[in-house]
Amino acid sequence: MNLTDAISARRSVRKFTDRPPTREELEQMLSAATLVPNHRLTNPWRFYVLGPEARAGYGLALGNRKAKKATDEAHAESIRKATSDEHRAQPCMLIVAMVLNENLEIREEDYASTMMATQNICLTAVSLGLGTYIRSGAIMDDPAARAAVGVPEGERIIAVLSVGTPLEVPDAKPRRAVAEVTHWVD
Ligand SMILES: Cc1cc2nc3c(=O)[nH]c(=O)nc-3n(C[C@H](O)[C@H](O)[C@H](O)COP(=O)(O)O)c2cc1C
């Protein structure tokens, strides 16, 4: 598959078959991630490939947050369990984190590079017949979630990716026409 086709075919895939990606496929995605432009060659990215226990632990941390809206303890417990089980059952989850440089200008560049790395993961996945789904949110700073996936002090989680063989590929979501968002400046 050529690059333009991979870019066009990429979707946020939320339903996967049970087949997890192989270690070789994951290594290929992560190798591609490290080839992005990176000012000062800081190599800011860190990747965490989660096994079932880590996925369940992350899901439990997320479930705890969701359970705060529950009306009673039995409901709260069912939310915690369901969220943890859902995450354990995922074919594969990757955490993309970045090392926090003390210099804020470098930190911003590093964030940009690490997000580009994330896109390389997503596009390489498409080229391998796989799908990905990026998630974010306040959970990424939650100490329980960070502990569950083993991210240390000094690193920031910037994306939580599900990876697997798509069971269902959603239709493309329309974007604004490029002419509407482009200024051709003389
Ligand atoms: C930085 C980032 C964070 C995202 N976080 C979430 C999220 O927390 N939950 C979610 O459902 N989708 C999340 N998405 C996926 C977007 O909702 C999705 O890319 C968008 O709907 C367009 O769909 P597409 O990826 O299939 O083109 C995130 C995407 C990016 C780039």
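From the backbone N, Cα and C atoms, a Cβ is placed for every residue, glycine too.
Of the listed segments 1-20, 61-80, TrEMBL assigns region 'Disordered' to 1-20. Under the DSSP three-state reduction, HIS39 (FMN binding site) is assigned to helix. Counting Cβ atoms from all protein chains shown, ARG11 (FMN binding site) has 18 others lying within 10 Å of its own Cβ. Within the same chain, residues at least six positions away from SER12 (FMN binding site) with a Cβ under 8 Å of its Cβ are THR132, TYR133, ILE134, PRO170.
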